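> What follows is a structure written as structure tokens; I'll ask about it next.
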Amino acid sequence: MRLTGQQSTNVAQSAASKLSQMGERTKQLGNVIQDPERQKRIILIIVCVALLLDNMLYMVIVPIIPDYLEGLQKAADQEQSAAAPHSNSTNSTIHRAAEGNFDLQIGVLFASKAILQLLVNPLSGTLIDRVGYDIPLFIGLNIMFLSTLTFAFAENYATLFLARSIQGLGSAFADTSGIALIADKFTEESDRSKALGIALAFISFGSLVAPPFGGVLYEFAGKQAPFLILACICFTDGVLCLTVLKPFSNRERENMPVGTPIYKLMIDPYIAVVAGALIVCNIPLAFLEPTIANWMEENMNASEWEIGMTWFPAFFPHVLGVYLTVKLAAKYPHLQWFYGAIGMVFIGASSCTVPACKNFGQLMIPLCGICFGIAFVDTALLPTLGFLVDVRHVSVYGSVYAIADISYCVAYALGPIVAGQIVHNLGFVQLNLGMGLANVLYAPALLLLKNVTQMKPSFSERNMLLEDGPTGLYDTIKMEQREKKRKGLCTTIDESGIETFVQRSHSEEESSGGEYA
């Protein structure tokens, strides 16, 4: 009996020791996470994984959904023909109508994500400015997780359409808050450009690796496999977000300034020029994705693997473009506008040469040129948006990056619906020439951004743009002090501790006149 008691004591001591060690390790892990520099890196990883997931989910359905829907359509046609047999001429007419309707269904399904994201972004940007970046990011990851599971178990067009639309809702929160969180954490321009460049590389990798990833798993493991893998990664990223960012326990935003309303950012001419450039530079990619496969089949008799691998080689020049832009921006930060203009010229020239290609090898050159140019434009102009908010508005980034996301969504919402009609009515050559010309002609507009880096934060300009009075006691006191200084008064404290105002001398007024640039 005594031996049993001794063993029980040893077991209890061993368990207490292990619990103590686990507690110590948990405390050490918490200290590591709370370290500002390491926390910034972890936040960058969380955001990059979220962007990777969103773009993989966006593109992974490209090789899966058309074949899956075609199988559903054939099964439905067989049931219909078995139930009500018709003549051969009637069957052929119905088949042609169904084929046209099928193409429209695919286009609407592909565009539904961008359309809903476009509609929700103004609301999500405003919400992000109000509640901070962490809660919307966590909400977006949860919605994307739900969308991925819905894709995995969907068995008809309506459910697939619902899953695609839900993804657009989640992207409006996760993408915008993620990019804004990077801009908020990385305040130095060089660090911000580098961090946003890494995020863009993950976006590119997700978009370009997803079609072969989805096609191979769909072929050998079934429709559910790629979506379940993405759902597991999304769940892990959500847990990491909950652990590191602690979205529901962080109250730092209560003392942060109120961001500029999104409609006032939209009418800022500098931000409008950047948004227009983001739309125009992404149109070639958005319009070629749904049309280039049929053109390759008709003009170069491309095989299935060639069509599936069309965009994959372009990943490498895209990463190269991001790397070069980050390096150039660190060395010559005042030429960001010039890097964007070079990128748009690259895109325009490459787009115009696409119809002249006769085989798969030749086609790779202009497609790589388009992605290389897009990397230049995105990597140069996304940090510029953050800088414009810093110097012309309030340093809260939700709404301005919602505008950037809206710019992308305009291109990708129009692409699947409009591009096919343009090719049908005007031709593939005319489509590419028009897109190339639009990019080349828009490039000089970036000259408006030439002097942006010379801007300094201007309180008078900020107040003019906001058209609002001071918010909070601190802003009120500071504005009163500026008004008194402007009138030649300064504050003094007398012996009784009462604050009084005295007239300043002329020289004293001049010496303090440059407090705000």
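The backbone N, Cα and C atoms fix where each Cβ goes, glycine too.
Remember, TrEMBL labels are computer predictions, not curated facts.
If you look up TrEMBL, you'll see 43-517 marked as domain 'Major facilitator superfamily (MFS) profile'. Here TrEMBL flags 42-65, 135-154, 195-213, 225-245, 265-287, 307-326, 338-357, 363-388, 400-423, 429-449 as transmembrane segment.
Could you tell me the structural context for the features on the list?
Beyond the transmembrane segment (42-65), the same-chain residues lying 6 or more positions past its ends with a Cβ under 8 Å from any Cβ of the stretch are 33, 106, 109-110, 113, 137, 140-141, 144, 147-148, 151, 160, 164, 167, 170-171, 174-175, 178-179, 181-182, 185, 195, 198-199, 202-203, 205-215, 218, 223, 226-227, 230, 233-234, 237, 240-241, 244-245, 289, 308.
Residues 340, 343-344, 347, 350-351, 370-371, 373-374, 377-378, 381, 384-385, 388-389, 392-393, 399-400, 403-404, 406-408, 410-412, 414-415, 418-419, 422, 431-432, 435-436, 438-439, 442, 445-446, 448-449, 452, 465 of the same chain lie 6 or more positions beyond the ends of the transmembrane segment (265-287) yet place their CB under 8 Å from a CB of it.
The list of residues near the transmembrane segment (307-326) in space but at least 6 beyond its ends in sequence, with Cβ under 8 angstroms from a Cβ of it, reads 63, 193-194, 197-198, 200-201, 204-205, 207-209, 211-212, 215, 289, 292-293, 296-297, 339, 343, 363-364, 367-376, 378-380.
Distant neighbours of the transmembrane segment (400-423): 103, 106-108, 110-111, 114-115, 117-118, 121-122, 124-126, 128, 171-172, 175-176, 179-180, 183, 262, 265-266, 271, 274-276, 278-279, 282-283, 285-291, 295, 382, 385-386, 388-389, 393, 430-431, 434; these residues of the same chain sit at least 6 beyond its ends, with a Cβ under 8 Å from one of its Cβ atoms.
Remote same-chain residues near the transmembrane segment (429-449) are listed as 269-270, 273-274, 276-277, 280-281, 283-284, 287-288, 291, 336-338, 340-341, 344-345, 347-352, 354-355, 373, 384, 419, 422-423 (criterion: CB distance under 8 Å, separation of at least six residues from the stretch ends).
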> So if I exclude everything within five residues of the ends of the transmembrane segment (338-357), which remaining residues of that chain have a CB under 8 angstroms from its CBs? That is, six or more out.
277, 280-281, 284, 288, 292, 300, 321, 325, 328-329, 363, 365-370, 372-377, 379-381, 384, 428-429, 432-433, 435-440, 442-444, 446-447, 449
> Which whole-number mean pLDDT does the model give the domain 'Major facilitator superfamily (MFS) profile' (43-517)?
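PLDDT averaged over the stretch: 80.
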